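Enquirer: From TrEMBL, here are the annotated features:
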type: BINDING; residues: Arg75; note: pyridoxal 5'-phosphate binding site
type: BINDING; residues: Arg97, Ser98, Gln105, Arg313; note: substrate binding site
type: BINDING; residues: Arg271, Arg398, Lys463; note: tRNA binding site
type: MOD_RES; residues: Lys284; note: N6-(pyridoxal phosphate)lysine
type: REGION; residues: 462-481; note: region 'Disordered'
Amino acid sequence: MNNENFNLSEKLVSSSYVRQGLQARRGHEQLIRVLLQQGKCPEEGWSESTIELFLNELAVMDSNNFLGNCGVGEREGRVASSLVARRHYRLIHGIGRSGDIAAVQPKAAGSSLLNKITNSVVLDVLKFTGVRSVSSCFVVPMATGMSLTLCFLTLRHRRPGARYILWPRIDQKSCFKSMVTAGFEPVVIENVLEGDELRTNMEEVERKIEELGAKNILCVHSTTSCFAPRVPDRLEELSVLCAKHEIPHIVNNAYGMQSSKCMHLIQQGARVGRIDAFVQSLDKNFMVPVGGAIIAGFDESFIKEISKMYPGRASASPSLDVLITLLTLGASGYKKLLSERKELYGHLAQELKALAERYGERLLHTPRNPISLAMSLNHLQTQSNAAVTQLGSMLFTRQVSGARVVPLGVEQTVSGHTFNGFMSHADSYPCPYLNAASAIGITKEDITLCIKRLDKCLKSLRKEDSAEKSESVSPTEDLKD
C-alpha cells in the first residue's frame, strides 16, 4: 500500500498499529530500493516475503495484469491455467523483443526490469567470484551447448570466410555438437599426458594455425571445468596465441564459476591475451532447474552483438530462477557455498584415496582439476571391460548419481566424428577409472554415503571375481593346493 492508503487505514485500525505496519513495509522497500540503485547481489539474503513482494510488484507492471487490459493481439500474456500463472508469478510475457533478447518489452515493463536486474546481479557475482574485469553479461534461456552455438554464429558475421574451430578435446557431446550445429568444422586437438593429467597440446594448436591459416579459423574453443584426469586448458597461453594471430577465443566455463581456479584462469587469460566470451551454466553453478546459461565477456559491444543474434522473445524462467536464488542466498550465502564446496573437495579426495588403497588402486594425481577427481580401476580391467561398466550400473541402481565409470577402448561417433577412448579425453588413457566431483551443494553426508556404497560394490565385484577363478581351477590343480 502507498502512504495514502496507510493514512486511510488509520480510520479503521489504531494509528500506532498502522504505523508499525508502515515501518515494516518500508523495511522491505528499502532492500528493493538498494537493489535497484546498485544492481548488485545483496550481501545478506532476503526473506521469502520480500522476494515475493518484489516479484508481485514487477508483475503488476506487465500489461497482462492490468485491471482494465483489453488484449486483441496474438501474444497477450494469456494463461489458461492459474497454476501455471502462479508458478511464474504472473510474469508471462518473457524477455526481450524479436530483434534483441536484451531489449525492453513495451507490454512488459516488469519483466523487462526483471531481466535488467538479473543481468546486473549476475555480473556482480561474476566479478566477486574472480573475473573482476568482466564488462558485460546476459542470461540466455538455453543450456551451455546452445549458448556456445549462439556465440559461434555471432562470430560468423565477423569472420564470414572462417570454416574451422580449434578445439582441445573434451569428451562431452554437447561441446562438440555446439560447433557442428553452428555449421563449422571442429579441428580436434588431442591432449598430451603429463603424469596422470591430460593437458592442452599447445604445439599442436600452433601447428594447426600455421597449417589452416588464421583467417580460416573462426575461433579457439577452450574449456575450464572438466572431468579428471583432464584438467582446465592452458587459458593464458591460448589467449596469448589468439591475440597474436587475431583469432577469437570462446571459453566453455560450464561449471567453472564455483571454482576460484577456473575463474582466475579466465581473468588472467583476458589480462594477458584474448578471450571474447565465456559461457557458464545456471543449473550447475546456482542450483536452479536446467535450461539457462550466462554469456559474458570483456567487450560490451560483442556481448550485445551476441544478444541481438537470439531470434525472438525468450523465456524469463531462467532469469527468474537465478534472481530468486541469489536474492535468497545473498552474496554471503553464495560465498559460503563456494567455500564449503572447496573444503569438501579435500575431504572427498582423502576418502577416495583411502578407499582406492584398500583395493590396490590409487587416486589419480590431478591437482590442476579443482572440482573433479578420478580413481583408477585397474583390478576391474584385468577381469574385463564388462566388470568396469558393471560398477557404473551397480552404483546407479544404488542411487549414487554423478559417479562416472570410464572403461578403456570405447569408440563413439558424434556428429560424424569418431572418438577413440571416448569419455577419457584421449585415444588411449593408461587406465580405466571412476570419476566423482565436489560440486556446489554437495554435503559431507553425500560423500560418506557414496564411499560406503562404492566400497560395497567393489567388495561385491571382488567376491564375484574370486568365485569365478575358483570355479575355473581344474580338479588336479585343486588337489595340488
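Yeah, the Cβs are placed from backbone N, Cα and C, and that goes for glycine too.
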Enquirer: Write out, in the order they occur in the sequence, the residues of the chain not among Arg97, Ser98, Gln105, Arg313 that have a C-beta within 8 Å of the mean position of the C-beta atoms of the recorded substrate site.
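Expert: Counting only non-site residues, the set is Gly94, Ile95, Gly96, Gly99, Asp100, Ala103, Gly312.
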Enquirer: Provide, as an integer number of angstrom, the distance between the C-alpha atoms of Arg75 (pyridoxal 5'-phosphate binding site) and Arg313 (substrate binding site).
Expert: 11
Enquirer: Could you state the CA-to-CA distance between Lys463 (tRNA binding site) and Ser98 (substrate binding site) to the nearest Å?
Expert: 62
Enquirer: Could you measure between Arg313 (substrate binding site) and Lys284 (N6-(pyridoxal phosphate)lysine) for me? Cα positions, answer in whole angstrom.
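Expert: Approximately 24 Å lies between the Cα of Arg313 (substrate binding site) and that of Lys284 (N6-(pyridoxal phosphate)lysine).
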Enquirer: Identify, among the binding-site residues Arg313, Lys463, the residue whose Cβ has the fewest other Cβ atoms within 10 Å in this structure.
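Expert: Relative to the other binding-site residues in Arg313, Lys463, Lys463 has the fewest Cβ atoms within 10 Å.
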Enquirer: Express the distance between the Cα positions of Gln105 (substrate binding site) and the residue listed as 'N6-(pyridoxal phosphate)lysine' as a whole number of Å.
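Expert: Pair distance, Cα basis, whole Å: 29 Å.
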Enquirer: Per residue, counting other C-beta atoms within 10 angstroms of the C-beta, which of the binding-site residues Ser98, Gln105 reaches the highest number?
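Expert: Most Cβ neighbours within 10 Å: Gln105.
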Enquirer: Sort out for me which one of Arg75, Lys284, Arg398 has the most neighbouring CB atoms within 10 A, since those are the recorded positions we care about.
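Expert: The largest 10 Å Cβ neighbour count belongs to Lys284.
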Enquirer: Could you check which of the recorded positions Arg271, Lys284, Arg398 is the closest Cα neighbour of Arg97 (substrate binding site)?
Expert: Lys284
Enquirer: Enumerate same-chain residues with a sequence separation of six or more from Arg271 (tRNA binding site) and a Cβ-Cβ distance below 8 A; give 'none' if the list is empty.
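Expert: Ser133 - these are the non-local Cβ neighbours of Arg271 (tRNA binding site), listed in sequence order.
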Enquirer: Rounded to the nearest angstrom, how far is the Cα of Arg398 (tRNA binding site) from the Cα of Ser98 (substrate binding site)?
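Expert: Approximately 47 Å lies between the Cα of Ser98 (substrate binding site) and that of Arg398 (tRNA binding site).
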Enquirer: Measure from the Cβ of Arg97 (substrate binding site) and count the other Cβ atoms within 10 Å, all protein chains considered.
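Expert: Around Arg97 (substrate binding site), other Cβ atoms within 10 Å: 18.
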Enquirer: Which value in Å gives the longest Cα to Cα span across the substrate site residues Arg97, Ser98, Gln105, Arg313 as recorded?
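Expert: The span, Cα to Cα at its widest, is 10 Å.
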Enquirer: In angstrom units, rounded to an integer, how far apart are the Cα atoms of Arg398 (tRNA binding site) and Lys284 (N6-(pyridoxal phosphate)lysine)?
Expert: 23
